[in-house]
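Features reported for this protein in Swiss-Prot:
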{"type": "BINDING", "residues": "His27, His74, Asp157, His161", "note": "Fe cation binding site"}
Amino acid sequence: MAFELPPLPYEKNALEPHISAETLEYHHDKHHNTYVVNLNNLIPGTEFEGKSLEEIVKSSSGGIFNNAAQVWNHTFYWNCLSPNGGGQPTGALADAINAAFGSFDKFKEEFTKTSVGTFGSGWGWLVKKADGSLALASTIGAGNPLTSGDTPLLTCDVWEHAYYIDYRNLRPKYVEAFWNLVNWDFVAKNFAA
């Protein structure tokens, strides 16, 4: 079973002015697609043949892990964004964020610090721990919270290819713009699962 590049859940220009169509063209059509192609080239003849992407992420290492995790991470990231995003969460998710961080503003500040402060290329995450509590995580490279038993709720891609066309080396400006696009409905579904 070959993995396929999932389509974006919106048009390439839908996230403008925060993320340009040009960025999505390179980020999705080239970078994300390359991980899919690489994974499909690495899987045949291995114990991972026929496994789900999530199973591969949880149990592989090396090149297979890096490409599988990057396919998973990017697909998740696209769904964390919406042209109708931004604002604040509501309901049980908002309550959990307030309980864990004191307020939405404090959460936003801490998530921003975590994402901006990720050394090199990586990902900033909001995760649900096994006990149901919320926490922030930063992963380097293709790192993914599934490997430590956490449930990803929200991610911000801080690999340079996510923002260099639009923001050059200004990662903080990109993360600031990210907040205008957060798909809280998707995050709430992850939290409820």
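Every residue, even glycine, has its Cβ placed from backbone N, Cα and C.
Features recorded in Swiss-Prot, as mapped to the structure shown.
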residue: His27; record: Fe cation binding site; CB count, 10 Å: 25
residue: His74; record: Fe cation binding site; CB count, 10 Å: 24
residue: Asp157; record: Fe cation binding site; CB count, 10 Å: 25
residue: His161; record: Fe cation binding site; CB count, 10 Å: 14
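For the recorded Fe cation site, residues His27, His74, Asp157, His161 set the reference point as the centre of their Cβ atoms, and the other residues of that chain within 8 Å of it by Cβ are His28, His31, His32, Tyr77, Trp159, Ala162. Reduced to three states, the DSSP call for His161 (Fe cation binding site) is helix.
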